[in-house]
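Colleague: Pasting in a structure now, in structure tokens, and then I'll have a few things to ask.
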Amino acid sequence: MTESVRLPAASLKPSTVALPGSKSISNRTLLLAALSDNVCEIHSLLKSDDTDRMLEALDKLGVQIEHLAEGRLKVHGTGGRFPNRSADLFLGNAGTAFRPLTAALAVLGGGYHLHGVPRMHERPIGDLVDALRIAGADVEYLGNEHYPPLHIGKRQDCGERVIPIKGNVSSQFLTALLMALPLTGQAFEIRMVGELISKPYIDITLKLMAQFGVQVANEGYRVFKIPADAHYHAPEHLHVEGDASGASYFLAAGLIAATPVRVTGIGANSIQGDVAFARELEKIGADVVWGENFVEVSRPKGRAVQAFDLDANHIPDAAMTLAIVALATRQTCTLRNIGSWRVKETDRIAAMANELRKLGAKVVEEAEAIHITPPETPTPDAVIDTYDDHRMAMCFSLISLLGVPVVINDPKCTHKTFPTYFEVFSSLTETAE
């Protein structure tokens with residue numbers, strides 16, 4: 001029987017939330033530290049299913065990692081060459097582990113088997129594999145063409161130094177290639193073919209690579225130039241920012257409930273694009289205060305939450321939260337340019353449409369957009385399916401702030417990025433029933 005949690009109709013208390021570490025930064029940092037030529041102590045790393053899969057993989061590849069007090073880790077870099085030249089790596093549904101590891105292992109070469117849960121085998125990886133093959137990699141599909149699982153063999157350097165790659169399905173393909181090619185020691189030019197989505201995630205990658213000693217020239221997000229003789233050298237200590245995508249639920253709660261909520265661990269100078277979510281809330285009625293290590297959202301009681309029609313390409317993960325905020329506007333709202341939702345942990349456009357309809361909303365799906373017309377009052381005690389997608393579970397918790405109880409199936413799917421989410425959320429609320 002499916003486990004579920006019932007959230008009663010609730011009011012929000014003025015609150016401060018210390019965010020867990022960013023998943024995007026955590027897994028990039030682990031891999032870069034493992035490939036460095038020195039030792040790096042990582043602070044505030046996210047503890048979750050996705051980071052566990054990366055840590056397990058690095059262990060199987062022979063990377064020495066010490067677990068210290070207070071969740072700190074000491075990663076002993078391998079100098080850009082994993083000790084174990086063959087391994088069987090199970091990576092769950094962790095795209096932030098699967099894609100970068102695929103590229104790094106393909107560039108280094110060896111005998112590697114990469115696989116995951118069934119959904120991971122439905123998430124495309126062909127654009128990355130095509131680019132890696134141009135760079136001389138030996139990558140074989142073990143199931144359906146263009147999808148995991150994969151076998152990686154020995155790379156043959158064919159001398160090609162200009163690598164085209166598509167970026168319209170997932171920016172993680174470009175991230176993976178950017179992080180892997182410096183391991184060759186050769187100069188490379190990566191050229192985008194067509195549109196590049198989710199550019200802020202590329203900014204995270206480039207800023208982290210720079211912290212690890214590799215400067216990539218970014219020419220208008222069309223051409224990326226990797227210098228010759230590059231190698232990774234880690235900072236002695238690195239602090240992982242709080243998760244800006246995870247912040248979106250609490251910031252949206254502050255807007256919906258017209259109650260101040262502050263999140264700590266991110267701020268005005270965050271390297272994560274999803275901090276822009278707070279700016280989108282500002283446009284539709286929120287008061288936002290920015291600090292160096294916090295963002296605070298509130299709304300005056302007399303000010304309505306305004307409807308929106310938003311191109312959400314710059315905040316694809318946090319934009320899911322806006323689909324719930326739409327119900328507080330009492331008017332039709334639209335999220336556009338969200339085609340990447342289709343190939344995430346689930347088809348998020350279809351899943352969001354299905355579950356919003358259970359609440360009485362009228363929803364129109366398009367290939368890359370969703371139109372949401374809220375009900376007068378959401379249906380009480382709607383049973384929300386979460387599709388093994390952490391963000392579906394966290395988004396729909398906000399329904400309890402709209403005056404009705406809601407039942408969330410499989411709440412433990414939040415373990416992918418935020419294992420304590422429901423405990424934290426409940427601690428911020430008071431039952432209104």
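Note that Cβ sites are derived from N, Cα and C of the backbone, with glycine treated the same way.
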Colleague: Of Arg53, Arg72, Arg119, Arg123, which one shares the phosphoenolpyruvate site with Lys23, Gly95, Gln172, Arg348, Arg391, Lys416 in Swiss-Prot?
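Modeller: That phosphoenolpyruvate site, as Swiss-Prot gives it, pairs Lys23, Gly95, Gln172, Arg348, Arg391, Lys416 with Arg123.
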Colleague: Taking the Cβ of Lys416 (phosphoenolpyruvate binding site) as the centre, count every other Cβ atom within 10 Å, in any protein chain shown.
Modeller: 23
Colleague: DSSP on Gln172 (phosphoenolpyruvate binding site), three-state: which is it?
Modeller: helix
Colleague: With every protein chain in view, what's the tally of Cβ atoms within 10 Å of the Cβ of Lys344 (3-phosphoshikimate binding site), excluding that atom itself?
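Modeller: Its Cβ has 23 other Cβ atoms within 10 Å.
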Colleague: Going by C-alpha positions, which of the recorded positions (Ser171, Asp317, Lys344) is nearest Gly95 (phosphoenolpyruvate binding site)?
Modeller: Lys344
Colleague: From the Cα of Gln172 (phosphoenolpyruvate binding site) across to the Cα of Arg28 (3-phosphoshikimate binding site), what is the distance in angstrom?
Modeller: 11
Colleague: Using a 10 Å cut-off between Cα atoms, which of these binding-site residues sit near Lys23 (3-phosphoshikimate binding site): Arg123, Gln172, Arg391, Lys416?
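Modeller: Qualifying among Arg123, Gln172, Arg391, Lys416: Lys416.
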